[in-house]
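Working notes for the structure below.
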Amino acid sequence: MENAVWGNHSSITEVTLLGFSHHPGLQVPLFLLFLMIYIMTMAANISIVVLVAADWHFHTPMYFFLGNLSCLEVCYSSTILPRLLASFLTGDRAISIPCCLLQYYCFGSLTAAECCLLAVMSLDRYLAICRPLHYAALMRVRSCLHLAAGSWISGFLSTVASTYWMSGMTLCGPTDLDHFFCDFTPLLKLSCSDTSLMALVTSLLSALFTLPPFLLTLTSYMCIIAAILRIPSSAGRHKAFSTCSSHLIVVTLYYGTIIFVYVLPHTDTLRPLDKLFSLFYTTVTPFANPLIYSLRNREVRETLRRAF
């Protein structure tokens with residue numbers, strides 16, 4: 001690969017995302033599999049967005065946040081999957097440094113925004129179950145708009161500093177990234193300068209934007225579960241838990257895979273599984289979220305059935 005100067009700092013112009021290239025015989029089946037997942041992810045999430053926007057029965061805080069989550073999942077999947085599908089189809093896994101940094105920025109921003117949005121949804125369920133008399137007063141239209149906008153804005157501010165910093169670092173190879181998208185840790189390995197300070201600052205910023213939403217989500221569900229257990233009748237407990245079980249499943253899937261990839265130490269035993277779990281939360285979770293909400297929500301199922 002020819003060396004060049006990009007942004008007066010970089011010595012390489014593009015990198016190669018290895019992805020799943022070590023399984024050449026699986027390229028066509030993987031292309032068909034991920035194409036089906038992408039189409040179904042887009043169709044399911046767009047259907048929920050249209051449903052929430054068009055049907056006045058769903059003009060409530062819970063469905064408003066669900067619509068925002070589905071919109072976010074559309075953007076999230078479109079950041080990763082089209083480039084992955086193109087590499088399966090053409091065999092071209094090269095990506096320019098600016099495009100790689102852009103993908104990293106969009107991916108990191110949407111990940112942080114989803115953490116914030118899941119925290120807001122858990123707060124909404126906490127107020128609905130534990131503070132039902134104050135719910136209507138607290139979750140007014142303006143409050144919901146502010147919470148949703150704050151989630152999106154916080155997400156897109158979270159990775160500005162790290163992306164700008166990475167755009168100025170010296171990249172001198174190797175040019176192969178053993179991943180299927182441009183993530184922070186693989187990109188740092190391309191640098192031939194000291195990145196310890198950058199890694200530390202980025203970790204602190206990531207913790208600042210993701211740890212509080214995680215703690216808020218965890219605290220909300222601890223209070224919700226405690227409140228549900230205090231309900232005397234089993235029917236009442238089942239009804240209360242059914243209103244938040246879908247969100248709890250989504251939160252468990254999302255944070256469980258992220259903790260495995262970014263929090264647990266990268267030992268030789270766990271490193272081969274990083275790509276698998278990254279694939280899970282970048283591809284499978286956006287595909288599963290609308291299905292989990294739809295399959296466990298009778299009102300959504302019935303409305304979708306009537307619409308189709």
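Note that the numbers count up from 1, one per residue, in the order the chain is shown.
Keep in mind that glycine also has a Cβ here, set from the backbone N, Cα and C atoms.
TrEMBL annotations:
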type	residues	note
DOMAIN	44-293	domain 'G-protein coupled receptors family 1 profile'
TRANSMEM	30-54	transmembrane segment
TRANSMEM	61-81	transmembrane segment
TRANSMEM	101-123	transmembrane segment
TRANSMEM	144-166	transmembrane segment
TRANSMEM	204-229	transmembrane segment
TRANSMEM	241-264	transmembrane segment
TRANSMEM	276-295	transmembrane segment
Have the transmembrane segment (61-81) and the transmembrane segment (241-264) got at least three CB pairs under 8 Å, pairs 6 or more apart in sequence? no
Cβ under 8 Å, sequence separation of at least 6 from the ends of the transmembrane segment (276-295): give me the contacting residues as numbers and ranges. 34, 37, 40-41, 44-45, 47-48, 66, 69-70, 73, 76-77, 80-81, 107, 179-181, 183, 246, 249-250, 253-254, 257-258, 260-261, 301, 304
Excluding the flanking five residues on each side, which residues at least 6 beyond the ends of the transmembrane segment (30-54) place their CB within less than 8 Å of a CB in that stretch? 20, 23, 63-64, 66-67, 70-71, 73-74, 77-78, 81-82, 84-85, 88-89, 283-284, 286-287, 289-291, 293-294, 300, 303-304, 307
Across the domain 'G-protein coupled receptors family 1 profile' (44-293) the predicted model averages a pLDDT of 85
